[in-house]
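Asker: Before we start, here is the structure in question, set down as structure tokens.
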Amino acid sequence: MAASELYTKFARVWIPDPEEVWKSAELLKDYKPGDKVLLLHLEEGKDLEYRLDPKTKELPHLRNPDILVGENDLTALSYLHEPAVLHNLRVRFIDSKLIYTYCGIVLVAINPYEQLPIYGEDIINAYSGQNMGDMDPHIFAVAEEAYKQMARDERNQSIIVSGESGAGKTVSAKYAMRYFATVSGSASEANVEEKVLASNPIMESIGNAKTTRNDNSSRFGKYIEIGFDKRYRIIGANMRTYLLEKSRVVFQAEEERNYHIFYQLCASAKLPEFKMLRLGNANDFNYTKQGGSPMIEGVDDAKEMAHTRQACTLLGISESYQMGIFRILAGILHLGNVGFTSRDADSCTIPPKHEPLCIFCDLMGVDYEEMCHWLCHRKLATATETYIKPISKLQATNARDALAKHIYAKLFNWIVDHVNQALHSAVKQHSFIGVLDIYGFETFEVNSFEQFCINYANEKLQQQFNMHVFKLEQEEYMKEQIPWTLIDFYDNQPCINLIESKLGILDLLDEECKMPKGTDDTWAQKLYNTHLNKCTLFEKPRLSNKAFIIQHFADKVEYQCEGFLEKNKDTVFEEQIKVLKSSKFKMLPELFQDDEKAISPTSATSSGRTLLTRAPAKPTKGRPGQMAKEHKKTVGHQFRNSLHLLMETLNATTPHYVRCIKPNDFKFPFTFDEKRAVQQLRACGVLETIRISAAGFPSRWTYQEFFSRYRVLMKQKDVLSDRKQTCKNVLEKLILDKDKYQFGKTKIFFRAGQVAYLEKLRADKLRAACIRIQKTIRGWLLRKKYLRMRKAAITVQRYVRGYQARCYAKFLRRTKAATIIQKYWRMYVVRRRYKIRRAATIVLQSYLRGFLARNRYRKILREHKAVIIQKWVRGWLARTHYKRSMHAIIYLQCCFRRMMAKRELKKLKIEARSVERYKKLHIGMENKIMQLQRKVDEQNKDYKCLMEKLTNLEGIYNSETEKLRSDLERLQLSEEEAKVATGRVLSLQEEIAKLRKDLEQTRSEKKYIEEHADRYKQETEQLVSNLKEENTLLKQEKESLNHRIVEQAKEMTETMEKKLVEETKQLELDLNDERLRYQNLLNEFSRLEERYDDLKEEMTLMVHVPKPGHKRTDSTHSSNESEYTFSSEIAEMEDIPLRTEEPTEKKVPLDMSLFLKLQKRVTELEQEKQVMQDELDRKEEQVLRSKAKEEERPQIRGAELEYESLKRQELESENKKLKNELNELRKALSEKSAPEVTAPGAPAYRVLMEQLTSVSEELDVRKEEVLILRSQLVSQKEAIQPKDDKNTMTDSTILLEDVQKMKDKGEIAQAYIGLKETNRLLESQLQSQKRSHENEAEALRGEIQSLKEENNRQQQLLAQNLQLPPEARIEASLQHEITRLTNENLDLMEQLEKQDKTVRKLKKQLKVFAKKIGELEVGQMENISPGQIIDEPIRPVNIPRKEKDFQGMLEYKKEDEQKLVKNLILELKPRGVAVNLIPGLPAYILFMCVRHADYLNDDQKVRSLLTSTINSIKKVLKKRGDDFETVSFWLSNTCRFLHCLKQYSGEEGFMKHNTSRQNEHCLTNFDLAEYRQVLSDLAIQIYQQLVRVLENILQPMIVSGMLEHETIQGVSGVKPTGLRKRTSSIADEGTYTLDSILRQLNSFHSVMCQHGMDPELIKQVVKQMFYIVGAITLNNLLLRKDMCSWSKGMQIRYNVSQLEEWLRDKNLMNSGAKETLEPLIQAAQLLQVKKKTDDDAEAICSMCNALTTAQIVKVLNLYTPVNEFEERVSVSFIRTIQMRLRDRKDSPQLLMDAKHIFPVTFPFNPSSLALETIQIPASLGLGFISRV
């Protein structure tokens, strides 16, 4: 098909754009040949007329189909051109947040300027072992490919990392090295990687600087070789550096800095150790202030200095050398401040005692005068004489700068040499992987010698890259046997020749440097004369005679000639170097030792690889005799040599390319600048790779993939059994031009654009099929809809017509009824209206008449009242008039009479003055005197009569007087009484008056009060009514509050229940985490133990080679192998040179001790769990109390008192319980105390001292055992017989030979030393136990004190309880009494149990001590027969037994122990004899042997058998640990052995399910709880090994079976792939499928069931298997973009349903295995759900609760449509998901931990099998044991 035929309407194309580089548009009409204009519609909505070039008539580039956009490999694009590459990179970088993309063999890495979680160890593990095309692009994939090819092809590899400054080259190289260190699989390698990474701060400080483009730009190139041994583990590294930018030391452009180290020194100048350097601010030095930017934002130079010093220390650079480095660097800074003064035009001088020069000389240890002289002079040598010439100021300044640059370069090389020494390994290097971190193509506004060298190096690398790509293409064509046509690709050899050939630019530059008067101008003229108009790649700028232009592969670059000669010469005066060499500072001459050495840069090793033990910036020199000549080599010549050396190294390796792209110049995260990206893509050769690929056949499909993808384009008759022929036939019909494709051996090769054409045909065919299907479906749906509508219309009509008829009939009935109703209603209405009117009329009349009568009455009443008022008014007026008249008359009378009286008075006053008046008065007086005289005479007569009468009366009077005196006295008394009475009366009267007054006041108050009471009553009534209303409201509110309280209480209860459940889950998680840590520790211990064994064997083989036929047996085996003794690892390591073949059992004491320590740790953790549970209970009590406080006050008080009472009762019971325990301890102490341990003190102290005494006695017993065993070793010399097994010690001959060998080799003394060490360890244990007991005593005292305080508090609470009402008090006392009795009963039961345990323990101890005494008396414990032991009176063994009644025990001789272990464990094959055995038979046999040893009370036999059993199981698992059946078999038997030890231990918790006969078989003498823990730990180790075995078996199947294989055929299509082919999803013969996984699961399950594994343990194994399947599947899904599609989600869900069905068939749905697949299920659902609206986002957030936010976002970013009908997930939707999930607190880790192992538990599973019924098959070869 012609290319022009693709330019049809709606076809999308790319057109150039000055801003966006390329812009997308759509054709508005078909293109016809000859058209000069294309009508286009831009994406922003504008129409455009695009004119074609009239000369070339090139059409614009076509866009790829949407399903190809965002591909992992750019070569998978159908149209390979620049806009397609740019768009694909942009979509992946911006929309999908993917920074890595393949471009054929090149990995394009775009710097995200953001930390991404894609470099963790989980990602490394995911990429390890994977094919490069199977996973998404990553630097780890490139590193894995290099590592795999190194191991597979036995060929050295190179990873070439290039790019602009700031593109991320160093970071990419660092991640590659981290990957090698991780996958190489040894701890020591990480140290090498740490050292390599530690070299980064050093190399960055001395080789990196701030530029205008990058704050941390590497100003040198480096090549790091990572060396590997034969097992491909890292053993060392070597660094080689290239072209250090020395000019930066003396000059920096604007906004740039010198090397970081100078600013770090200035920032740390105030440190005490740096005082001698006399540094200051960076602006004080000429070499650090030129750029005007001494600070970098966000960088602390002082902290960076500390990191640099730490790195130096880590790499072995001592403090003295570090200070020497800093002295030299400080000297360079001071040298830059040295100033010169011109004396004349040709000479200059330095001021005397110039301070900067003085400091420089002091720091460098050179003479001031000499240095001052040679800075201003130079020595010229001619053929006949030598003379000294002064130099000008400019020359002196240049010489000073050259010296500074030279010193810095030498120091740089010295540091690199020391870094290489630190990374060097003494082990021979087998192969290596080189990582080249080198500068990319550079072009600036002003390009000088440095850019010329950099671009020259990139030309060489690009040539090598092009040749490699061309070679790969050629190999691919030849491999597929297709016709080979020469691909025209850009060959940059002419450009390289222009630079390095004879009379090339470098040659002319070196020649000009040799000229005495050579300048940059003369060199430029030579360039013009030699190459201008002769070489098309060389040009001259129009406006300059001091520059030239070279057409590089990436772009044209204009170089300024100024400075080329000076930089190329790198002239340093020899006299200045000699002055520095004569320095007293020892380190300084070391820097210039290279000038005196000669090492050929081209010397090679015997293997042909270049030696890279050095790392100078420039290659070293030739022979020693040519020192002066070699010293004059130019920089260009040196760089060319080192570049040739690098190219030789790279050509001898297989290269891998990483091209780093800088997306923008502003370091904005995930911001893509198209212009900058295109520049770098052109410069780094990516587009050239695309062009080479596009020139040939870039699209390649296997025949099966092509058939699967384009089956839709074939007819049924075209499909043949031969897929290859089918594809050929179809292609010949679809593509007529046969040059557009080629048929290879296994693939079909397509030209560019043909896959897009096929995709168009496929899409058209699918679209036509969809249209046909839609047409048919829509017709069928509409026909169905029409029939349904017609049927519905008929039904509706029928019902409507019936309804209408019924409505008409109803209308008629209603009309007739309405007429009747109207008649009666109208009558009723009229009648009612009449009655209403009549009644209204009557009412109106009555009211009117009443009104008129009332008016008349009121009128009469008013008239009557008016008359009365008139009467009274008129009377009042009359009276008033009368009163006024009377008052006036009286007043007038008074006035008149007064006037008359005044006149009379005046007249009398006049008369009184006259005589007549007096006469008149005397006349009256005489008459009166006469009258008075007569009266006197009459009175005298009367007087005389009276006197007589008086005399008579005197007597009477005297008598009467006496009488009256008495009466008077009586009366006086009466008077006094009367006075008193009168007073009383007066007081009573006063009181009465007062009372009357009070009465009046009271009456008034009463009246007031009554009035107030009335008002108050009214107010009260009103208030009562208001209160009633309020009460009603309050009741309602109370009810609502009660309802709310109930709801809140319910909510609080639910909340607390949830909280309780959560805390319980948290506690379970914590317990599982602790159990997991414990099991991981066991796993690590077993790994280290195996490693120790391997190293020990290697050392044994290396140090001692045994003689043929001579095998030494161990003679140090003794009863030290107990759980109470252990030796340190140090002692074992010291014994290695003395003991050549130490048996495995010798490590048992160490194992046991560690296991017991771990057991103690588990016990402590269980105690911590109990403490946490108690804390949880307290929280629940607090919640209950807070809930109770919500009730009413009386209820609160009662509840509190009741709670406090119960609490007090509980505490009193606990107090009493503790007292009972103390009494029990005292009692136990009094029963077993010795006389010497009765010292006074606290009871707890005495108990603890008793325990210490028992421990001391145990230690003495151990010492006695040691002495006995030593005596046995001496006494059994003559009774020993040889035996093959070196670990058995019961045979006397073996012991004799061993003793003799020990004597020969001095091992008796060594054994004695070991025993002494054991005794010391026991004594140290005793001391530590004594200290711990003392601490426990102090803790007990503290607890007693706290209990006393608690008791006092409870008494106070009891006093408060007495204040309760009688009823509550009685109830509380009854509860208290019931609680007290219950607690006492429980305490008594506990005391009884403890006493029983104490009795059993004491009996066992008594038996042990009795046995010890018997051994001491007899002298040889080995020879005591079971019958003798039974005869001892102290054995609590039932002697009378039935002879034929088997007791479920097996008897064996002690010398047969090794034979028993060998036949039953070491040589037992699970697939052989063990298949027909009873499940767990070896465990039953071993336990029956243990029972017999327990029956004999032989602790040594028990200990020896258990130790041998454990070690033998370990041996078997170490030997056949990769066999699932073996591991499963011994896991089952170990668990059964553990269950037997529990079931027959005699502990009540394990005896519940036993029969009475089984209870009789319980162990009687020994408590093997500690060995149970050891066996439990062994079972954990076996379980972990089982998990590793099944993981190794399942792992190759999971990805292929769960992801790649199409279980539902035809659902998922195969997309076009690039050069890096992915694993085909089409099932081949060797491909695993889901059925393979299910078959393997069935195999695992059947094996475990056959071995009798516990069902709970099988569930845990299945759960672990399903977790591995889910984790590996999900991890690969997250790292494979091609797997994230709708169809793949359907495949995964189907596969998961098959796994669930398998669980149902095996009845394992409750094992928790299904839950482990939940993340995978949710990921599959996420691929299938709708992903557009906010509702979809909400549904996804609620659905994917088992996935982390990072995983959800990753799946959405990776979602890729397989067909054009699917749509990508929009960026806005992903951001919506991120916003909704921002509050979710989950792990930021992307991948699941596939290596995670759930903590395993071994639930107790008793056996119903009776021991006495077990028969031993003869096939086991255990005829030497007998049933008892």
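The chain as shown is numbered from 1 upward.
A Cβ is built for glycine as well, from the same backbone N, Cα and C atoms used for every other residue.
Feature list, courtesy of TrEMBL:
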DOMAIN    8-60  domain 'Myosin N-terminal SH3-like'
BINDING   GLY163, GLU164, SER165, GLY166, ALA167, GLY168, LYS169, THR170  ATP binding site
REGION    599-631  region 'Disordered'
COMPBIAS  600-610  compositional bias 'Polar residues'
REGION    643-665  region 'Actin-binding'
COILED    915-1098  coiled coil
REGION    1107-1126  region 'Disordered'
COMPBIAS  1116-1126  compositional bias 'Polar residues'
COILED    1155-1231  coiled coil
COILED    1323-1412  coiled coil
DOMAIN    1507-1783  domain 'Dilute'
Asker: Grab the same-chain neighbours of the region 'Actin-binding' (643-665) for me: Cβ-Cβ under 8 Å, and only residues 6 or more beyond its ends, written as numbers and ranges.
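Answerer: Same-chain contacts beyond the flanks: 89, 93, 103, 105-113, 139, 142, 145-146, 149, 153, 155-169, 172, 176, 213, 223, 240, 242, 434, 436, 440, 456-457, 460-461, 464-465, 468, 601-602, 608-610, 612, 619, 671-673, 676-677, 680-681, 684-686.
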Asker: I want to check the contact list for GLY163 (ATP binding site): same chain, sequence separation of six or more, C-beta distance under 8 angstroms. What comes out?
Answerer: ALA109, LYS169, GLY440, ARG659, CYS660, ILE661, LYS662, GLN680, CYS684
Asker: Quick one: among the binding-site residues GLY166, GLY168, which has the most Cβ atoms sitting within 10 Å of its own Cβ?
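Answerer: Most Cβ neighbours within 10 Å: GLY168.
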Asker: From the centroid of the CB atoms of GLY163, GLU164, SER165, GLY166, ALA167, GLY168, LYS169, THR170, the recorded ATP site, which same-chain residues not already listed sit within 8 A by their CB, in sequence order?
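Answerer: Other same-chain residues near the ATP site: ASN111, ASN214, SER218, GLY440, CYS660, LYS662.
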Asker: Including all protein chains displayed, how many Cβ atoms other than that of GLU164 (ATP binding site) lie within 10 Å of its Cβ?
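Answerer: Within a 10 Å radius of the Cβ of GLU164 (ATP binding site) lie 24 other Cβ atoms.
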Asker: Using a Cβ-Cβ cut-off under 8 angstroms and a sequence gap of six or more, which residues of the chain neighbour THR170 (ATP binding site)?
Answerer: ASN200, GLU204, SER218, ASP437
Asker: How do the residues of the region 'Actin-binding' (643-665) split into helix, strand and coil according to DSSP?
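Answerer: Residue counts in helix, strand and coil order: 9 helix, 8 strand, 6 coil.
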Asker: As a quick check of your reading of DSSP, tell me how many residues in the domain 'Myosin N-terminal SH3-like' (8-60) are helical, how many are strand and how many are coil.
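Answerer: Counting residues by DSSP class gives 0 helix, 24 strand, 29 coil.
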Asker: Restricting attention to the domain 'Myosin N-terminal SH3-like' (8-60), give the mean pLDDT.
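Answerer: That region's mean pLDDT is 85.
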